[in-house]
Amino acid sequence: MKIRTGIGYDVHQFAEGRKCILGGVDIPHSVGLLGHSDADVLCHAIADSILGALGLPDIGYYFPPEDDSIEGISSLDILKKCKALADEKGADLQNVDSALVAEAPKILPHIAEMKANIANALALVPEDIGIKATTNETMGFVGRKEGIAAMATCCLVIH
Ligand SMILES: Nc1ccn([C@@H]2O[C@H](COP(=O)(O)O)[C@@H](O)[C@H]2O)c(=O)n1
Ligand SMILES: C[C@@]1(CO)OP(=O)(O)OP(=O)(O)OC[C@H]1O
């Protein structure tokens, strides 16, 4: 039996006319997040943490930005693919922890729904999912409200 950890990081910039989807929740905001997918920066960081723990290539290998067939894909489906890859390797995901860095929107009121969505995609329970939010205290690209950053870790057991 091996205990493995993984780390993931992602950034998406804000753009007019896009949705702001985080953890599968469509959060009301004046701008949304730009991407070839639904641009769910939180799910992307979590996906890369799982792929890393499995010793597999990153999210862009499985979901290439050049692939027109996945335009607008829900990032919860990306998490479901990561769960399937974990199953193939005989890996049991134990928990995920994550942090969002954003000046806005206010994320705290949406965290319970985000945890439920992510837990459902990964066949975990909400208590296995950590999500925190913090501002960047007005500094840098996040502080200028140009985008959102996310980081995630996970732990899994390979039998
Ligand atoms: N986009 C955000 C940022 C922060 N929060 C919540 O506010 C708390 C304080 O944030 P600081 O950056 O001032 O430390 C933080 O702990 C979160 O609960 C949020 O909901 N959404
Ligand atoms: C899933 C993908 C697919 O294009 O989503 P994007 O919205 O392009 O987001 P990014 O985090 O830049 O890279 C991951 C991509 O593989």
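Residue numbers in this text run from 1 along the chain shown.
Placed from the backbone N, Cα and C atoms, the Cβ positions cover glycine too.
According to TrEMBL, the domain '2-C-methyl-D-erythritol 2,4-cyclodiphosphate synthase' annotation covers 3-156. Positions annotated as 4-CDP-2-C-methyl-D-erythritol 2-phosphate binding site by TrEMBL: Asp10, Val11, His12, His36, Ser37, Asp58, Ile59, Gly60, Thr134, Thr135, Asn136, Glu137, Phe141, Arg144. According to TrEMBL, the divalent metal cation binding site annotation covers Asp10, His12, His44. Per TrEMBL, site 'Transition state stabilizer' is recorded for His36, Thr135.
Feature map: TrEMBL annotations on the structure.
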residue : record                                                 : DSSP class
Asp10   : 4-CDP-2-C-methyl-D-erythritol 2-phosphate binding site : strand
His36   : site 'Transition state stabilizer'                     : coil
His44   : divalent metal cation binding site                     : helix
Ile59   : 4-CDP-2-C-methyl-D-erythritol 2-phosphate binding site : helix
Thr134  : 4-CDP-2-C-methyl-D-erythritol 2-phosphate binding site : strand
Phe141  : 4-CDP-2-C-methyl-D-erythritol 2-phosphate binding site : helix
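On a Cα basis, His44 (divalent metal cation binding site) lies 19 Å away from Thr135 (site 'Transition state stabilizer'). Confidence across the domain '2-C-methyl-D-erythritol 2,4-cyclodiphosphate synthase' (3-156), taken as the mean pLDDT and rounded to a whole number, stands at 98. The most densely surrounded of the recorded positions His12, His36, His44, judged by C-beta neighbours within 10 angstroms, is His44. Within the set of recorded positions His36, Thr134, Thr135, Asn136, Phe141, His36 have a CB atom less than 6 Å from some atom of ligand 2.
With a 10 A radius on its CB, Asn136 (4-CDP-2-C-methyl-D-erythritol 2-phosphate binding site) counts 16 other CB atoms from all the protein chains.
When the alpha carbons of Asp10 (4-CDP-2-C-methyl-D-erythritol 2-phosphate binding site) and His36 (site 'Transition state stabilizer') are compared, the span between them is 14 angstrom.
Of the listed recorded positions, namely Ser37, Thr134, Thr135, the sparsest Cβ surroundings within 10 Å are found at Thr134. In this entry, Asp10, Val11, His12, His36, Ser37, Asp58, Ile59, Gly60, Thr134, Thr135, Asn136, Glu137, Phe141, Arg144 make up the residues listed for 4-CDP-2-C-methyl-D-erythritol 2-phosphate, with the farthest two CA atoms of the set 31 Å from each other. Counting every protein chain shown, the Cβ of Asp10 (4-CDP-2-C-methyl-D-erythritol 2-phosphate binding site) has 22 other Cβ atoms within 10 Å. Within 10 Å (C-alpha to C-alpha) of His44 (divalent metal cation binding site) lie the following recorded positions from His36, Ile59, Thr134, Asn136, Phe141: Ile59. Its Cβ taken as reference, Phe141 (4-CDP-2-C-methyl-D-erythritol 2-phosphate binding site) is surrounded by 15 other Cβ atoms within 10 Å in the chains shown.
Among the recorded positions His12, His44, Ile59, Thr134, Thr135, Phe141, the ones whose Cβ sits under 6 Å from an atom of ligand 1 are, in sequence order, Thr134, Thr135. Asn136 (4-CDP-2-C-methyl-D-erythritol 2-phosphate binding site) sits 26 Å from His36 (site 'Transition state stabilizer'), taking the C-alpha atoms as the reference points.
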